[in-house]
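Summarising the annotation, TrEMBL assigns compositional bias 'Low complexity' to 215-233. Annotated domain 'FAS1' per TrEMBL: 23-170, in sequence order. Among the features that TrEMBL reports, region 'Disordered' is placed at 201-233. Taken from TrEMBL, the feature signal peptide covers 1-23.
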């Protein structure tokens, strides 16, 4: 085999290794924790899991099986909206949250806001470090309850994905009061699945952050419009199926080109 062929194949392996190292799978991460089986199953059934796996920086707020009753039996569309609010389009681990300025809200953009279906601030979360109690998460939508608190860090792969446990499903008044939130025969069903024993990830390093200011009146007016692709800070990564097909295609071409080198 010529030196050119060796260099060609080496470059292919380098690129594929870099892509594989940067990928993650939220379902595999959560499967190590039986307490979140129901939440994990709903991520799969609604398609939210696939959207999470394509993100470059994301934080998932998970809820234990015992506190999932608030979404039991709701329609699939409403379930997807609610779960989308539990996916923050940025990286926050427990150490980073503790660096927030006390009693000052930070506005977070969620996956639901990115969908373009959110209205009246439904796609934003208020995150506040109260100082005396755990960090509080609440929907920015008017009339939503301030009853969701941080429990603990579950796992993380800094700086790509962080999984935080919260006390309960985040209440979004304008969604929970809508007709789509009513019980539906086609709604995703909560079911249990066996999972391996949990493993503890190393605690991520502390990083300093600065609270962001709430959106202005003009920003609120445009909140429903999805961000232009050219200015978005969220970068999508290839899915595992796409990566596998790309590997097969590259090696097929390499096999055909080798006799010519």
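The backbone N, Cα and C atoms fix where each Cβ goes, glycine too.
Secondary structure of the domain 'FAS1' (23-170) per DSSP, as helix, strand and coil residue counts: 48 helix, 41 strand, 59 coil. Model confidence over the domain 'FAS1' (23-170) is summarised by a mean pLDDT of 93.
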